[in-house]
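*Asks:* According to Swiss-Prot, the record shows the following:
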type	residues	note
DOMAIN	16-100	domain 'GS beta-grasp'
DOMAIN	108-478	domain 'GS catalytic'
BINDING	E135, E219, E227	Mg(2+) 2 binding site
BINDING	E214, Y230, Q231, F232, H278, Q279, S280, R347, R352, K361	ATP binding site
BINDING	N271, G272, R329, E335, R347, R368	L-glutamate binding site
MOD_RES	Y406	O-AMP-tyrosine
Amino acid sequence: MTEKTPDDVFKLAKDEKVEYVDVRFCDLPGIMQHFTIPASAFDKSVFDDGLAFDGSSIRGFQSIHESDMLLLPDPETARIDPFRAAKTLNINFFVHDPFTLEPYSRDPRNIARKAENYLISTGIADTAYFGAEAEFYIFDSVSFDSRANGSFYEVDAISGWWNTGAATEADGSPNRGYKVRHKGGYFPVAPNDQYVDLRDKMLTNLINSGFILEKGHHEVGSGGQAEINYQFNSLLHAADDMQLYKYIIKNTAWQNGKTVTFMPKPLFGDNGSGMHCHQSLWKDGAPLMYDETGYAGLSDTARHYIGGLLHHAPSLLAFTNPTVNSYKRLVPGYEAPINLVYSQRNRSACVRIPITGSNPKAKRLEFRSPDSSGNPYLAFSAMLMAGLDGIKNKIEPQAPVDKDLYELPPEEAASIPQTPTQLSDVIDRLEADHEYLTEGGVFTNDLIETWISFKRENEIEPVNIRPHPYEFALYYDV
């Protein structure tokens, strides 16, 4: 990302004849919030004095009696919006206390910034790079409801295998076949891949917004699962990239009559959508993860970083897999990484070491468990803090496992730890194991307590008290 100053932003706004500035910040669960001001009101005072807003209406922020908050712009995030009818400049802001002007401790972007500063303070490294690969589904329609006397959801995509018997295509013409089999969507060309033109539009919008792309393709799942990969970035910017990526993917689909979801598991019986996170540490422009004598070319630093990720995974997943739906994905049989080990070839391991040859700059690890249902600022920061704890305390991971973990004999499989099976478990683990997150004041106890309460009250308990439709298939005639 090119460094920008306030003057650069003003010049961009003038050159592009910007009419409006969209003020953006992130709530605690991970949804970007915004309001719009006219370009004429966007001047130096915004950078000096900020913009006030009511924080009591933002999830996870202030209570009503202390609602006033302040926003200060981050000039490096200025981008022209590709979707607005009027020429609009989008800018991400940091949240501050309006009286002390201190960064707000529950602002996710501020937490990511603190994580980067803490990394530097340790002397271990000065830059953490993250490359996140977020999968998603493209549907034609979605409907759902949850009432006292009924509950349902239904998604549809004309390319879904369940539509082999449909009379017509989406345009009303006769069914012409070429539906994608469950778990059969990885790489077939058109007409099996019916989304190539839409993905091309997504690619174009991403490129025009500054992304350096690697590839886009249909993913394994039927019904339009897809993935588009782009270049890594430093932690805070990588989280900004993920939020912008999701905004562009969703709105490109919306403008073309489709709807996108990043839910980890929207379909029963097919692959879920993950957010594999490639990570590496650098210092003074030099990579720290490579040692030609180590397993898979890993340095001691890299191995201990992995040790920290795996050791803290049961609590770390509270930020990297933070929804009830996350644990519908982390089950055997769907290429999901549920085994808390590392490997240079096994994709069912939580940590995989990509084959990068002898290039030290390319050496990295891939944490495969995360999904994109949460807050990338918190997720990336939490992963870094777990890895740094591993380095500081020289946490050794369990020996690498290069066998097919699903084919191990029972006695050997029993020695392989696995990810927790439900959100309530990882929230309990976070309550017991979070000191690694509060090192250097990166995460505060208040933030962690707020996260735990929010998840229990707004997600875990509401799901637990509602009858599930499948329970009627099991128990109605008891």
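Placed from the backbone N, Cα and C atoms, the Cβ positions cover glycine too.
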*Asks:* Quiz question: given the binding-site residues E135, E214, E219, E335, which has the greatest number of C-beta atoms lying within 10 angstroms of its own C-beta?
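*Replies:* Result for the most crowded candidate: E135.
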*Asks:* Just checking the recorded positions E135, G272, R368, Y406: which sit within 10 A of R352 (ATP binding site), CA to CA?
*Replies:* R368
*Asks:* List the Cα distance (Å, whole number) between H278 (ATP binding site) and E227 (Mg(2+) 2 binding site).
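*Replies:* With distance taken Cα to Cα, E227 (Mg(2+) 2 binding site) is 15 Å from H278 (ATP binding site).
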*Asks:* When you tally the Cβ atoms that lie within 10 Å of each candidate's Cβ, which of the binding-site residues (Q231, N271) has the highest tally?
*Replies:* N271
*Asks:* Please count the residues of the domain 'GS beta-grasp' (16-100) that DSSP assigns to helix (H, G, I), strand (E, B) and coil.
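*Replies:* For that range the per-state counts are 18 helix, 35 strand, 32 coil.
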*Asks:* What is the Cβ neighbour count of R368 (L-glutamate binding site) at a 10 Å cut-off, with all protein chains included?
*Replies:* 22
*Asks:* Cβ atoms within 10 Å, counted per site: which of R347, R352 has the most, among these binding-site residues?
*Replies:* R352
*Asks:* Considering Cα atoms only, can you say which of E227, Q231, S280 is the nearest neighbour of E335 (L-glutamate binding site) among these binding-site residues?
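*Replies:* Going through E227, Q231, S280 one by one, the Cα closest to that of E335 (L-glutamate binding site) is E227.
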*Asks:* Checking your reading of the structure: which of the binding-site residues Q231, N271, R329, R347, R368 lie inside a 10 Å Cα sphere centred on E219 (Mg(2+) 2 binding site)?
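*Replies:* Near E219 (Mg(2+) 2 binding site) by Cα: N271.
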*Asks:* Taking only the Cα atoms, work out how far S280 (ATP binding site) lies from N271 (L-glutamate binding site), in Å, as a whole number.
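*Replies:* N271 (L-glutamate binding site) has its Cα 27 Å from the Cα of S280 (ATP binding site).
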*Asks:* Going by a 10 angstroms cut-off between Cβ atoms, which of the recorded positions H278, R329, Y406 has the sparsest surroundings?
*Replies:* Y406
